[in-house]
Amino acid sequence: MLSVTIFGLFMSLTAIAPSIEVLYAARFFTGLGLGAAMPTMISVVGDEATEANRGKLNSLMYCGLPVGAIFVAGLAMLLPEIQWQTLFLIGGLTPLVLIPLMAFILKDKPKVNAEVPVSGEAVPGMAEILFKQRQYKNTVPLWVGFFFTLMINYILISWLPNLLMEQGLQKQQAFLVMLVFQVGAVIGTLSLGYLLDRLKLWQMATIIYSGLFVALVLLFTTTSIPLLILAGVMGGIFSTGGQSILYGISPIFYSGAGKVTGVGSAISLGRLGAMTGPLLTGKILALGLGTTGILVASLPAVVVSAVAVTALSRYKAAHK
């Protein structure tokens, strides 16, 4: 709850920042709060979930992100004169209002499968949590999957309308594709979470990254509006939905006190990928390579992610 409070307070401060220095500080601490909140929420869901419903519960939690994006897009369409400060106030005050409800729901209660710590047992160090014995065989593929999956996801989130307009689409058409991308993100988060409870991880990796590969090829090679709408939906399903699957599986590879550390480290690598993707896209465009260059740079990342997540499949059963 502390991380959510930090996130809410500083997002609200962003909207009323009196100077650029305060704005920078507010954005930094907003990211700090959000960065701490995500692994904590994932760990809480992982503690409460069973193997039979882990994917479903995680997808229900995570789909709040694309639903929020659709909500903001809807507000912007319905109220074209709305100021960005208003949107930040809504985003900042809402979690603060929900803090009492969170305190009630998340109050300590006994868990059926909870691990009982040994009295006086030291909390293991980060290196031990991430790499002890053969744990690196889980940590490294998880990091790779997070990095490249979020890299692709944030290329699409940050640049998709501009890239489509560079291909010749009108602004309204480009933003229509972006809207259906967010709708696809909700569909993918929920449907892939449902499948995660029923399929093996290598099967999930095949579905997700094959679909993402096809979506990227269509998005960056065609100007047909029907095909682009289909590709936009597919991009949302498999990039954001694939990201939610990584969030869903990451807690199973770490135990007890190391769960938040393990999940947090993977998310940190993912955020690094999320920064790298848009920066790489800007550099490719500055070099004049256009959407073809972005496609050539993106497709290997999809393949590497698929291999990394598939590699985790052999270890997943041992961590159920």
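Cβ atoms here come from the backbone N, Cα and C positions, even for glycine.
TrEMBL: automatically predicted annotations, no manual curation.
Positions annotated as domain 'Major facilitator superfamily (MFS) profile' by TrEMBL: 1-316.
Summarising the annotation, TrEMBL assigns transmembrane segment to 59-79 (among others).
Annotation comment: TrEMBL describes 86-106 (among others) as transmembrane segment. Nonlocal intrachain contacts for the transmembrane segment (86-106), taken as residues 6+ away from its ends with a CB within less than 8 angstroms of a stretch CB, comprise 1, 4-5, 7-16, 44, 68, 72, 75.
Here the transmembrane segment (140-162) has long-range neighbours at 171, 174-175, 177-178, 181, 212, 216, 219, 232, 235, 239-240, 242-243, 246, 250, 253, 265-267, 269-278, 280-281, 294, 298, 301-302, 304-305, 308-309, 311-312, meaning same-chain residues at least 6 beyond its ends whose C-beta is under 8 angstroms from one of its own. Taken from TrEMBL, the feature transmembrane segment applies to 140-162 (among others).
Annotation comment: TrEMBL describes 174-195 (among others) as transmembrane segment.
According to TrEMBL, the transmembrane segment annotation covers 201-220 (among others). Sequence-distant contacts of the transmembrane segment (201-220), counting only residues of its own chain at least 6 positions beyond either end whose CB sits under 8 Å from a CB of the stretch, comprise 152, 156, 160, 163-164, 167, 177, 192, 195, 227-228, 230-232, 234-235, 237-239, 241-242, 245, 249, 291-292, 294-295, 298-299, 302-303, 305-306, 309-310, 312-313, 316.
Summarising the annotation, TrEMBL assigns transmembrane segment to 284-312 (among others). Below 8 angstroms of C-beta separation, residues 137-138, 141-142, 144-145, 148-149, 151-152, 155, 159, 163, 166-167, 201-202, 204-206, 208-210, 212-213, 216-217, 220-221, 242, 246, 249, 253 of the same chain, each at least six residues beyond the ends of the transmembrane segment (284-312), sit close to that stretch.
Counting only same-chain residues 6+ beyond the ends of the transmembrane segment (59-79), those with a CB under 8 A from a CB of the stretch are 41-42, 45, 87, 91, 178-179, 182-183, 185-186, 189-190, 192-194, 196, 236, 240, 243-244, 247-248.
Note on the domain 'Major facilitator superfamily (MFS) profile' (1-316): its mean pLDDT in the predicted model is 85.
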